[in-house]
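Contents: one structure, followed by commentary.
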Amino acid sequence: MKFGVIGYKGKMGKLITKTFSNRGHNCVLFVDKDEIEQIDIPEVIVDFSLKDALDKTINLCKKNKSNLVIGTTGFSNEDLEKLQKLSKEVALIQSYNFSLGVNIIVEILNKLNNILKDWDCEIFEIHHSQKKDKPSGTALMFKDALKKEVNINSSRLGGIPGDHTIFFANQGELISISHRTISREVFALGALKAAEWILNKKNGFYTFKDILKEELE
């Protein structure tokens, strides 16, 4: 697979390039801020950079007719509308977290929200001090899965890649569901899985849930 990376000089960009290359894929498009180096036409473009790069990413996908894997966080509704519009021209998969474990928890919460609808619920999340968006995209994914108004408690400390806990409580019991990211490598592996999955998909807007659904069938 020929792929491109937006933000290839960043921590995630370097890790994505390394992970994909180790699988035998070939990076043919390197993008970072005002720098663009293109060797060939990428079949898939991967963007885990900043939301400010979105317009550039969309233009490159259109120009090269490349499918897209995008894990950037902090998008507005307007940004998501831009991606919906792009999905009419290419296949794209968008998620605020490409960890398999996180996406499994989303599915669990989808099934629990009716059973625990009368329980109190709060989400606690911790990320590294350089993370700009608050609350995290992952916490918002969990909140959406719960389908009710939930308070999110956010902290930005040290170099923690990601730590999330959802608490459910009534007068006699406490249930906690937790996920801790030990290494950013899980995001790169998830992006690789998504890129290989979407390579030959028809135009459309996909999420990680579509990958899980296909694997469970």
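Cβ coordinates are placed from backbone N, Cα and C, and glycine is handled just like the others.
As given in Swiss-Prot:
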| type | residues | note |
| --- | --- | --- |
| ACT_SITE | His127 | active site, proton donor/acceptor |
| ACT_SITE | Lys131 | active site, proton donor |
| BINDING | Gly7, Tyr8, Lys9, Gly10, Lys11, Met12, Gly71, Thr72, Thr73, Ser95, Tyr96, Asn97, Phe98 | NAD(+) binding site |
| BINDING | His128, Gly137, Thr138 | (S)-2,3,4,5-tetrahydrodipicolinate binding site |
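Features recorded in Swiss-Prot, as mapped to the structure shown.
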{"residue": "Gly7", "record": "NAD(+) binding site", "DSSP class": "coil"}
{"residue": "Gly71", "record": "NAD(+) binding site", "DSSP class": "coil"}
{"residue": "Tyr96", "record": "NAD(+) binding site", "DSSP class": "coil"}
{"residue": "His127", "record": "active site, proton donor/acceptor", "DSSP class": "strand"}
{"residue": "Gly137", "record": "(S)-2,3,4,5-tetrahydrodipicolinate binding site", "DSSP class": "helix"}
Whose Cβ lies within 8 Å of the mean position of the Cβ atoms of His128, Gly137, Thr138, the (S)-2,3,4,5-tetrahydrodipicolinate site, other than those residues? Thr73, Tyr96, Asn97, Glu125, His127, Lys131, Asp133, Ser136, Ala139, Gly162
If one measures from the C-alpha of Lys131 (active site, proton donor) to the C-alpha of Tyr96 (NAD(+) binding site), what distance in angstrom results, rounded to a whole number? 13
Measure the Cβ-based neighbour count of Gly7 (NAD(+) binding site), defined as the other Cβ atoms within 10 Å of its Cβ. 22
If you measure from the Cα of Lys11 (NAD(+) binding site), which of the recorded positions His127, His128, Gly137, Thr138 is the nearest? His128
Output the one of Tyr96, Phe98 that, of all these binding-site residues, has the highest number of other Cβ atoms within 10 Å of its Cβ. Phe98
Pick from Lys9, His127, His128: which of these recorded positions has the biggest number of other Cβ atoms within 10 Å of its Cβ? His127
